[in-house]
Amino acid sequence: KQEPNDRFRNEKQEPKEVDKQPSIGSPARIQKLIASQSDPLLAREIFDLASRQPNFRHSYATCHTLILKLGRSRHFSLMQALLSSLKSKDYSISPSLFTHIIQIYGDAKMPDKALKTFYTILEFNIKPLTKQLNCILEILVANNNFLRPAFDLFRAAHKHGVSANTKSYNILMRAFCLSGDLSIAYTLFNQMFKRDVLPDVESYRILMQALCRKSQVNRAVDLLEDMLNKGFVPDTLSYTSLLNSLCRKKKLKEAYKLLCRMKVKGCNPDIVHYNTVISGFCKVGRAVDACKILDDMPSNGCLPNLSSYQNIVGGLCNQGMYDEAKTYVKVMISKGFSPHFSIVHILVTGFCRIGKIEDACEVLCELLGHGNSPHTDTWAEILHTVCEEYNTEAMGDVLKQVLKVEIKPNTRIVDVGAALEEYLTKKIKTRDQGQLLQLRVDDGAYRLGFFYQFNLYL
């Protein structure tokens, strides 16, 4: 009889499992793992670890992701090493990779590296894109030392199969205009027509703004006419530059005509255009004409703003037209605008100097009634005038007594008039100050109120 142990010996024994090295994963898994890493150096270690696995080949997406991750974290040497390694591998490289690298160098203020990247594209037997050319040009011209290399690259671009477009010309034209080389900018502009590159509105604007900066406003206007004759519709910035230049040259008639022509030519004037012309008229002492422009604005689809009214009020005050200025102050306050303290000061001071104290008081009452506080200098000016109107010595004693009135920082009496008169009178009566009641309180309520507010805001 066979023993149990003999039975087990005769059975076929199963072979033992051989320990296998665990797989690191598929290329797609590695790509996701690298993309999810916030630490670029750790992502690089994962990349290298996977590369050492037998028969493992990274996908191009993995290389693309890691190159950009290293570049954006300023590990440029590691980025370039990985980029160079792609030359020996049969990858179909996307041109967008170089676009990103160029922009990375641009953000790092490294124009020389951006320029070198353009020639690296050629080393990979890839035809550079016009978009990449323009990106490099913008990076180069941002540094004055690289303006000439940018121009050289622009002129040689066609040798590498890259066609410059309108944006390419605009980038260089703007750069040369800002550097003061207006002649080169004009040469580039004329070359566009010879090379069948159609200029756009920006092309004309770049030259017009440059001409305006050099005070050659007549040439700028001629360029505008040429632009209109060729069927272009100037943008608002083009008109703004011309209107500013015309007003600086005090050619206000031409500026107003241009403002009127804008709507006819397909560009509705906006608040900046109107305020530019209004300010120009006010600066040369023609505030009345400026008022006409302001009054016509609503019918032309543009409502005046705070700056519009302040220019008008300031211009009228400079011409001594205080009553008209007061009217516009009331209008602007009624529309919810808070005038700058300098505008209020010049108006109140003007009224005080010509002896119209009641008008000055009316302006301040209007201001206080809407919760606005005049400047302390304005209070000082009107108080001086009030004191001059009465006996100075007597007023001096009275004002000293008013100073003794209990005034706390949180006291807020804004409505100067009957309420303020009653408040001050009661306070002073309780202290047996009969002198104050001898004043003409009925028509002096404004004055007492202003003195009270003066001390309050001081």
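Glycine is treated like the rest: Cβ placed from N, Cα and C.
Per TrEMBL, compositional bias 'Basic and acidic residues' is recorded for 1-20.
Taken from TrEMBL, the feature region 'Disordered' covers 1-25.
Broken down by DSSP into helix, strand and coil, the domain 'Pentatricopeptide repeat-containing protein-mitochondrial' (70-191) contains 94 helix, 0 strand, 28 coil. Marked as domain 'Pentatricopeptide repeat-containing protein-mitochondrial' by TrEMBL: 70-191.
Per TrEMBL, repeat 'PPR' is recorded for 165-199 (among others).
Long-range contacts of the repeat 'PPR' (200-234) within the same chain, counting only residues at least 6 positions beyond its ends with a Cβ under 8 Å from a Cβ of the stretch, are 166, 169-170, 173-174, 177-178, 182, 185-186, 189, 192, 241-242, 244-246, 248-249, 251, 254, 258, 265-267. The repeat 'PPR' annotation in TrEMBL covers 200-234 (among others).
According to TrEMBL, the repeat 'PPR' annotation covers 235-269 (among others). Counting residue by residue with DSSP, the repeat 'PPR' (235-269) contains 26 helix, 0 strand, 9 coil.
What TrEMBL records for 270-304 (among others) is repeat 'PPR'. For the repeat 'PPR' (270-304), the predicted model reports an average pLDDT of 95.
Within its own chain, the repeat 'PPR' (305-339) is flanked in space by residues 271, 274-275, 278-279, 281-283, 285-288, 290-291, 294, 297, 346-347, 350-351, 354, 356, 359, 362-363, 366-367, 370, 372, which lie at least six positions past its ends and keep a Cβ under 8 Å from the stretch. The repeat 'PPR' annotation in TrEMBL covers 305-339 (among others).
Among the features that TrEMBL reports, repeat 'PPR' is placed at 340-374 (among others).
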Checked against DSSP, the composition of the repeat 'PPR' (340-374) is 26 helix, 0 strand, 9 coil
The repeat 'PPR' (200-234): DSSP-derived helix, strand, coil residue counts: 26 helix, 0 strand, 9 coil
